[in-house]
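What follows is one structure encoded as structure tokens, with my remarks underneath.
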């Protein structure tokens, strides 16, 4: 058995249940919450590479990038205002996720999703109509609030609705929608770039209202999860819902465990204080480190600024947008690999393989860019074959992320928390994700200017560290019922010492004292 794995974590226990049309459609609609996050990731980089957008809001950046002969290629997009436009959303999402935790727990998962979609729609409308930088940034903040609410509630909803043996596949639907949103944004940016007249950026930004409307309207039609219904005192409704989502009347054992978890949850008056207890140290550590590692891979730096990055390394305007469309397609296809394999191969196998592949491809990309531009960043035209090689290895990197750290970075934190601290734990996960996304988005162009091609080696070094961390400290969680996840931590070689000997773990029709 590999380090970090556990055997038979729940003593072979598995609740009855199957994939029903009802649960599939509910999870499909809920997963559309990922569209708003993905669309924003994809649209930001394309819009900030449009001349008409830069001329209106960031004229100094436009002048700088046109001075090709006198500008260091690594630094020609370096602008604090430009990065503030991109990264302001993530600060807003960070703060919003804490409020979303209270809404999710008190009113249910669906209403948190509805609020997120509605606020995102308003922000998109404001961005599309922006006439000055203040209006633009205000719209971004509203978008961020919407993302914070959706990212807090959707992964939890999916993990609670799904049968244990299919939880990975259904939860990764959220990441699949993120990739669809990114690809749709890349295609829209490409088409909008063909339009003359200087208003194409408005269409790109305003169309974010479409995914916002989809999740807001879809949330109204969603059923609430059995976990949430029990948590809010609707036990009979929860029992009926559990029968419906599991497709069987044999739900007594799972329902009993949900009730026990709910009673534990109700006894906790201050979940934010509770989560700091030593017995929850494994989950808290993962809620902080997994989103940190997910962002320090450098993926969002590439996805945010894909057109800008490709222009920086010598691609023309159209070529840079086409290349970002290609990476978006790779992202989408590779995510489907994770959907098919995550409940068969497990979380750890995908994490480890993806880490090795990302490390190798990032080192090669850094070498290829370094060979052409060196440390001076002198302007150099790339041949078609050389440029194709750079794009190929970026795509290999994106594929590895898309079937490993991309979906699993949302899946694993959403499934490891007991109910009494689940909303607080997911808020920490989302807020950490948004915080580190903000840091990377704010610093990427400056880091590219200062570190040059060595920036890719910087990200590769972190990929190596996080892959080693997974190998030693992340247990396997596939096929484990969500309310029985504590067994995984108790049997782990390292984390087991944090759970006190008298900690009672509920299992089946009673409780077992560890």
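Glycine residues also receive a Cβ, built from the backbone N, Cα and C atoms like all the rest.
Annotated transmembrane segment per TrEMBL: 21-39 (among others), in sequence order. Sequence-distant contacts of the transmembrane segment (21-39) (same chain, six or more residues past either end, CB-CB distance under 8 Å): 109, 113, 116-117, 120, 143, 146-147, 150-151, 153-154, 157-158, 161-163, 170, 173-185, 207-208, 211-212, 214-215, 218-219, 221-223, 244-247.
The domain 'Major facilitator superfamily (MFS) profile' annotation in TrEMBL covers 26-478.
The feature transmembrane segment is assigned by TrEMBL to 81-99 (among others). Panel annotation: around the transmembrane segment (81-99), residues 40, 44-45, 48, 57-58, 60-61, 133, 136-137, 140-149, 151-152, 304-305, 427, 430-431, 434-435, 437-438, 441-446 of the same chain, lying at least six beyond its termini, place a Cβ under 8 Å from a Cβ of the stretch.
Taken from TrEMBL, the feature transmembrane segment covers 111-131 (among others).
Annotation source TrEMBL lists transmembrane segment at 137-158 (among others).
Residues 23-24, 27-28, 30-43, 45-47, 49-50, 154-155, 158-159, 161-162, 200-201, 203-204, 207, 211, 303, 306-307, 317-318, 321-322, 324-325, 327-329, 331-332, 335-336, 338-339, 342, 402, 406-407, 410-411, 414-415 of the same chain lie 6+ residues outside the transmembrane segment (170-193) yet bring a C-beta within less than 8 angstroms of a C-beta in it. Summarising the annotation, TrEMBL assigns transmembrane segment to 170-193 (among others).
The transmembrane segment annotation in TrEMBL covers 199-222 (among others). Sequence-distant contacts of the transmembrane segment (199-222) (same chain, at least 6 residues past either end, Cβ-Cβ under 8 Å): 26, 29-30, 32-33, 35-36, 39-40, 43, 46-47, 50, 52-53, 56, 110-111, 113-114, 116-118, 120-125, 127-130, 139, 143, 146, 150, 157, 181, 185, 188-189, 192-193.
What TrEMBL records for 284-306 (among others) is transmembrane segment.
Residues annotated as transmembrane segment in TrEMBL: 318-342 (among others). Listed by sequence, the residues of this chain that lie at least six past the ends of the transmembrane segment (318-342) yet keep a Cβ under 8 A from its Cβ atoms are 42, 45-46, 49, 168-169, 172-173, 175-176, 179-180, 182-183, 185-187, 189-190, 193, 302-303, 306-311, 350, 387, 391, 394-395, 398-404, 406-408, 411, 478.
Summarising the annotation, TrEMBL assigns transmembrane segment to 354-374 (among others). Proximity of distant same-chain residues to the transmembrane segment (354-374), defined by a Cβ-Cβ separation under 8 Å and at least 6 residues beyond the stretch ends, is recorded for 73-74, 297-298, 313-314, 380, 382, 386, 389-390, 393-394, 396-397, 399-401, 403-405, 452-457, 459-460, 463-464, 466-467, 470.
Sequence annotations record features per position, and here TrEMBL assigns transmembrane segment to 386-412 (among others).
Residues or ranges marked as transmembrane segment by TrEMBL: 424-444 (among others).
Feature annotation from TrEMBL assigns transmembrane segment to 456-475 (among others).
Stretch with the largest number of CB pairs closer than 8 A to the transmembrane segment (137-158), among 111-131, 386-412, 456-475: 111-131. Averaged over the domain 'Major facilitator superfamily (MFS) profile' (26-478), the predicted model has a pLDDT of 85.
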